[in-house]
Amino acid sequence: MTSNPTSSNHPVDKGWAWVILAGSSLIFMIYYGTLKTSGLFFVAFQDYYKSEAFITSIIPGVLQTVYSIASLPILTVGLDHLSARQMIIVGGFLQSIAYFIGFFADRIEILIFTHGVLYGIGCATIHGPTAYLIGLYFDRRRELANSVLMASAGFGGLVVPPLYRYLLDVYGLRGTMLIFSGVIFNVVALAGLLKPPSLFHHPSNSNGKSKPEYSNVQIQDNHEYSPVPTGKKRSISLSEIPTPGNGVLSSFENDETWGSLPHRLDIRTHHSSRLSQSFCSIGSTDVVYSLSQSQLNESQAQKDVKNKIMIISLLKKPLLQMYLFVYLFGSIGSSYGHIYISPFARDHGMTTTEVSILVSVTNMCDFIGRGLCGVIANQRIVKNSTILAISQLVTAITLALCSFYGSFLSFIALAVMFGLFAGAIFSMTPSIVVDFVGIENFRTAFGIIILGQGITMGTGAPLLGYLRDVYLSYMPSFYFMGACLILSGLTLLMEPCVRKRQDKMENVARPSEEVALSA
């Protein structure tokens, strides 16, 4: 891979990488499938709590804001201390708790906290780390893997809404939220499949296979250890537990008289079992794969300075600036269209059954569309940015024609077109970000994009609800979403010109940057 800062035996585009993709796909199926019921929940919240569109719209607005604010520190700082698997476990737990507390909510203001704040943090700890993990395990087939991942999200959107409709009819809103709490908790179990790349370091054996280089950190070891006869064990204190970072492991391994191989494995197993009880531990093998060995020698202050420098340097890249604008405006229509199609159809006299059919058709076409994006992108016939630009413009036209939708068949056409093209921005974004800034800068760049998304998405949802309350129609809301998508698509078509500008800037700035880095 292009970002291989350390030696690692983890499989890329083969072997356990496909297990990682399978586990991540199942997690995204639950995660996105639940999100795709937002439109049905929107209608159910309005009916149960008798709330206006503006108040109900605050829930997805807060969710997007919290998700965006939490994503940057999670991707830049959180993954330096926890593995992607640990992050996803935390996210699944928070999302499950959010629905569990929602079961007891008697006011919609409580749902703003549970389904907005708690669920938003859970989204941030699942989405970014999962996409990053896929980037580590796939290189040549990264576009295909990302599209399979997002297609599984579309499949979840196809399966979960009918289940939600059935549960809502049988158990009511509160009972449905309690059952969904248990369904979401399966994310915690599935995260066990997401083996971190650092765990593919194998110890040496009698066949002469080389040992992994755990760290270049040289720590003075002032302890003296008495020889242990072969086959016998010696009790050691907690401070003497051998870890790759405390110097004890190297002292033991260099001592030829230190026990037999079973004894060494016993010590390693004991150490690993203690690490599994805590998220933060020195020398943990769940260190994120992208961290270079040189970073382990630096103080936390030096790391913070480098992170700030990296963020500033990335923000100066014209390609990232352009895509930041594209994503901020494009995600408004692509995300909130799924939510507002349901109440828009209900305003036109559709029954709850017909609304559920529209949601299922939208999600089915979304599943197909995201898969097609991956297949087309993997052929490398058309650039990723061009595929996304066309999809954005088609989605914009679909939403802008909202005044022509009235019959059930016309709403089916809306669901089909929107489903096929709206999800492209989420399916293609990981690959486009890697194309623009490289996999080594993916975490920071993706965090910046998601953080900026919080500004537009957080204000967009209440604005869409406000337009509905003022004009007593969702048409102005659909016009607004269509205008945002047109701006996004037209801007992305300027990518060749922006790339030329960035290349010129890099050619001029490269000598000075090398001098600054050496200093």
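Don't overthink the numbers, they just go from 1 along the chain as shown.
Cβ coordinates are placed from backbone N, Cα and C, and glycine is handled just like the others.
If you look up TrEMBL, you'll see 15-32, 53-75, 87-105, 117-138, 144-164, 176-194, 320-341, 387-406, 412-433, 445-466, 478-498 marked as transmembrane segment. The domain 'Major facilitator superfamily (MFS) profile' annotation in TrEMBL covers 314-519.
With a cut-off of 8 Å on Cβ pairs spaced 6 or more residues apart, the transmembrane segment (87-105) and the transmembrane segment (478-498) reach fewer than 3 such pairs and are scored as not touching. Sequence-distant contacts of the transmembrane segment (320-341), counting only residues of its own chain at least 6 positions beyond either end whose CB sits under 8 Å from a CB of the stretch, comprise 36, 38-39, 42, 60, 64, 314, 358-359, 362, 388, 392, 395-396, 399, 411, 414-415, 418, 422-426, 429, 432-433, 436-437, 445, 448-449, 452-453, 455-457, 460-461, 464, 474, 477-478, 480-482, 484-485, 487-489, 491-492, 494-495, 498. Fewer than three CB pairs closer than 8 A are found between the transmembrane segment (144-164) and the transmembrane segment (53-75), and contact between the two stretches is not assigned (pairs 6 or more residues apart).
Sequence-distant neighbours of the transmembrane segment (387-406) (same chain, 6+ residues past either end, Cβ-Cβ under 8 Å): 326, 330, 333-334, 337, 344, 348, 369, 373, 376-377, 413-414, 417-418, 421-422, 424-425, 428, 432, 474-475, 478-479, 481-486, 488-490, 492-493, 495. At the 8 Å Cβ threshold, with sequence separation of at least 6, the transmembrane segment (15-32) comes into contact with the transmembrane segment (176-194) through 3 or more pairs. Through the fold, the transmembrane segment (478-498) approaches residues 318-319, 322-323, 325-327, 329-330, 332-334, 336-337, 340, 344, 383, 385-386, 388-393, 395-400, 402, 425, 460, 463-464, 467 of its own chain, all at least 6 residues removed from its boundaries and within a Cβ separation under 8 Å. Cβ atoms under 8 Å from those of the transmembrane segment (176-194) belong to residues 19-20, 22-24, 26-27, 30-31, 34, 84-85, 88-89, 91-93, 95-100, 102-103, 126, 130, 133, 164, 167-168 of the same chain, restricted to positions at least 6 beyond its ends. Beyond the transmembrane segment (412-433), the same-chain residues lying 6 or more positions past its ends with a Cβ under 8 Å from any Cβ of the stretch are 131, 134-135, 142-143, 146-147, 150-151, 153-154, 323, 327, 330-331, 333-334, 337-338, 341, 358-359, 361-366, 368-370, 372-374, 377, 384-385, 387-388, 391-392, 394-395, 398-399, 402, 405, 442, 445-446, 449, 488.
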